[in-house]
Amino acid sequence: MKIYVDGREVIINDNERNLLEALKNVGIEIPNLCYLSEASIYGACRMCLVEINGQITTSCTLKPYEGMKVKTNTPEIYEMRRNILELILATHNRDCTTCDRNGSCKLQKYAEDFGIRKIRFEALKKEHVRDESAPVVRDTSKCILCGDCVRVCEEIQGVGVIEFAKRGFESVVTTAFDTPLIETECVLCGQCVAYCPTGALSIRNDIDKLIEALESDKIVIGMIAPAVRAAIQEEFGIDEDVAMAEKLVSFLKTIGFDKVFDVSFGADLVAYEEAHEFYERLKKGERLPQFTSCCPAWVKHAEHTYPQYLQNLSSVKSPQQALGTVIKKIYARKLGVPEEKIFLVSFMPCTAKKFEAEREEHEGIVDIVLTTRELAQLIKMSRIDINRVEPQPFDRPYGVSSQAGLGFGKAGGVFSCVLSVLNEEIGIEKVDVKSPEDGIRVAEVTLKDGTSFKGAVIYGLGKVKKFLEERKDVEIIEVMACNYGCVGGGGQPYPNDSRIREHRAKVLRDTMGIKSLLTPVENLFLMKLYEEDLKDEHTRHEILHTTYRPRRRYPEKDVEILPVPNGEKRTVKVCLGTSCYTKGSYEILKKLVDYVKENDMEGKIEVLGTFCVENCGASPNVIVDDKIIGGATFEKVLEELSKNG
């Protein structure tokens, strides 16, 4: 298609989504603060104004047509853009030097580009909130109401934990009832952070904890994820460096790390264990489909939204936690030191990994998680030129990995790695990969023992619900919360859009190409670990496997009925939500209260009313201590109370 831009002829694709993208694809960048190619068109910021036949309109909402005449930089458009920026800045927190986005903020960049040195409009003040309850930090004083986070959370991730509230000047993006983020169903994927154009959303910085550890007498060990090495060079103006991981090892040793291991070894370990777990389930026809569990954002989403599928999640830990447990439980013993002596630092592309490390199931394993951006900050703080660092290999025994293990950093990597193990152990007769539909890839696999199954790769949590409703014939499903997998994690450098993520996936593939080992089975260090330290099933289960639990999507609000203030007690919570109430929970509550009173147990059994335990399909629900009883009856509650006292 031929259009005319500022008086010159330009050829664009016929199927462009809008004029904004069409111009971007031919090298003409129109300013914008609210446009996301992956989400719906919003048109709120008005920065992307262009003139068409004398009429000024937003380029993000305009479809190009043959012969269109476009003006992108008239004096009138320039003045309108400046006015918009000044109005935004008038109520914006302009403490740029202490902002997490200093140097990468789009608003800051445009203010510089348009030469804004003073604000002509009076600054009006409104109440702001800074929520630091979770690894994702919210600061409404820096929010420009672009709606990017709202659309990403709702449309791409299907979570919808944040939304616009109030009206006019008082408008704000917040959670339901202004609930702290950590108490909501937020999966902490960080995609809102990745797409936020300002510092309104950021990631909790844990560098100070590392500095403190480096100054102590602890053994400081680092481990680096695959996707980190594919992106960190962006912070230093390097297009691609397949030796970046080894340079990072050298840098970390320089600042005081004692050992640096490769999380790709943990990926080999997880894939090997998960392949055997899947094959056993497949042969028995139990707990299928098996979902991968490497992505902590997906795991948290499943706990909130799909409690019925928790038994289907692979019980194998993520590479971070599996390798971390091996280091703390096995490597520490071989060093002859208590595990508390080791301070373990995980370098990840992911914000949810911070939450994963803090889960009670993993307490004391990974001490801190630093994102790719935090690692870049660490390098900049040190004043060391990463380009001139002499590469060093990862430390043995957990520094050797396969191509397949390194592939965990991109979408499809986990499934491919599991297949590589099955091919080595059993043999694959045929793999038939179907054409992707809505970004979801499905493959039909036939093993040499005659067993066949289907596998799927899904990235973006918003695609999961529809897929599960429509497809019941898939036996193994890889789910990654972030588009393009871990290379698109919320902790990766800015910008973090689809084009950049595609490039990172390419860098990772190029890096995989220099690996001599193809599959985890070829990793002799992994096989030695199994032979020496993971010989029996009990040890493997203790070191490599974990558990999951249903989580509420809303804060727990209980009603005291028979409270017991202090002392040793059993607690019974009867759900009084609509579904449970209509199916008899109130009758259970009445019987329970009468039972406690008649048997003089008011100081021993606490009775509470609660609302929505996220298990409506099994109503009525009663929680005895921490155990949810679905399809509850008064008799079942008494039976549970009779256990352990």
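Glycine too: its Cβ is placed from the backbone N, Cα and C atoms.
The [2Fe-2S] cluster 1 binding site annotation in Swiss-Prot covers Cys34, Cys45, Cys48, Cys60. For Cys48 ([2Fe-2S] cluster 1 binding site), the Cβ neighbour count at a 10 Å cut-off comes to 25, with all displayed protein chains included.
Residues annotated as [4Fe-4S] cluster 1 binding site in Swiss-Prot, with similarity to another entry given as evidence: His92, Cys96, Cys99, Cys105. Cys99 ([4Fe-4S] cluster 1 binding site) counts 19 other C-beta atoms within 10 Å of its own C-beta, drawing on all protein chains shown. Secondary structure from DSSP puts Cys99 ([4Fe-4S] cluster 1 binding site) in coil.
Here Swiss-Prot flags Cys143, Cys146, Cys149, Cys196 as [4Fe-4S] cluster 2 binding site. Under DSSP, Cys143 ([4Fe-4S] cluster 2 binding site) is assigned to coil, being neither helix nor strand in the three-state scheme.
Swiss-Prot lists Cys153, Cys186, Cys189, Cys192 with the feature [4Fe-4S] cluster 3 binding site, giving sequence analysis as the kind of evidence. In the three-state DSSP scheme, Cys189 ([4Fe-4S] cluster 3 binding site) is classed as coil. In the structure as shown, the Cβ atom of Cys189 ([4Fe-4S] cluster 3 binding site) sits within 10 Å of 32 other Cβ atoms.
Under the three-state DSSP scheme, Cys486 ([4Fe-4S] cluster 4 binding site) falls in the helix class. Residues or ranges marked as [4Fe-4S] cluster 4 binding site by Swiss-Prot: Cys295, Cys350, Cys482, Cys486.
Swiss-Prot lists Cys486 with the feature Fe(2+) binding site. A 10 Å cutoff on Cβ-Cβ distances gives Cys486 ([4Fe-4S] cluster 4 binding site) a total of 33 other Cβ atoms nearby, all chains included.
Every protein chain considered, the tally of other Cβ atoms within 10 Å of the Cβ of Cys580 ([2Fe-2S] cluster 2 binding site) stands at 27. Per Swiss-Prot, the feature [2Fe-2S] cluster 2 binding site maps to Cys575, Cys580, Cys612, Cys616.
Sequence annotations record features per position, and here Swiss-Prot assigns domain '2Fe-2S ferredoxin-type' to 1-76. Taking DSSP states H, G and I as helix and E and B as strand, the domain '2Fe-2S ferredoxin-type' (1-76) has 12 helix, 19 strand, 45 coil.
Residues or ranges marked as domain '4Fe-4S His(Cys)3-ligated-type' by Swiss-Prot: 76-115. Taken together, the residues in the domain '4Fe-4S His(Cys)3-ligated-type' (76-115) have a mean pLDDT of 95 on the 0 to 100 scale.
Here Swiss-Prot flags 133-164 as domain '4Fe-4S ferredoxin-type 1', drawing on sequence analysis.
What Swiss-Prot records for 178-206 is domain '4Fe-4S ferredoxin-type 2', and it gives sequence analysis as the kind of evidence. Sequence-remote contacts of a segment are chain residues at least 6 beyond its ends whose Cβ falls under 8 Å from one of its Cβ atoms, and for the domain '4Fe-4S ferredoxin-type 2' (178-206) they are 33-34, 36, 92, 99-102, 105-108, 129, 131-144, 146, 148-149, 152-153, 156-157, 159, 161-162, 296-298, 300-301, 304-305, 350-352, 354-355, 368-371, 373-374, 377, 461, 481-483, 488-492, 494, 496-497, 551-555.
The most densely surrounded of the binding-site residues Cys96, Cys143, Cys196, Cys350, judged by C-beta neighbours within 10 angstroms, is Cys350. With a 10 A radius on its CB, Cys616 ([2Fe-2S] cluster 2 binding site) counts 17 other CB atoms from all the protein chains. If you draw a 10 Å sphere around the CB of Cys34 ([2Fe-2S] cluster 1 binding site), it holds 23 other CB atoms from the protein chains shown. The list of residues near the domain '4Fe-4S ferredoxin-type 1' (133-164) in space but at least 6 beyond its ends in sequence, with Cβ under 8 angstroms from a Cβ of it, reads 33-34, 36, 38-40, 42, 44-45, 88, 92-93, 99-101, 107, 171-176, 180-204, 301, 351-352, 354-355, 460-465, 481, 483, 490. Listed in sequence order, the binding-site residues from Cys34, Cys48, His92 having a Cα within 10 Å of the Cα of Cys196 ([4Fe-4S] cluster 2 binding site) are Cys34. Here the C-alpha separation of Cys48 ([2Fe-2S] cluster 1 binding site) and Cys192 ([4Fe-4S] cluster 3 binding site) works out to 21 Å. Cβ neighbours within 10 Å of Cys186 ([4Fe-4S] cluster 3 binding site), excluding its own Cβ and spanning all shown chains: 28.
Summary of the [4Fe-4S] cluster 2 site environment: with the site residues Cys143, Cys146, Cys149, Cys196 set aside, the chain residues having Cβ atoms within 8 Å of the Cβ mean position are Ile144, Leu145, Gly147, Asp148, Val150, Val173, Cys192, Tyr195, Pro197, Thr198, Ala200, Leu201.
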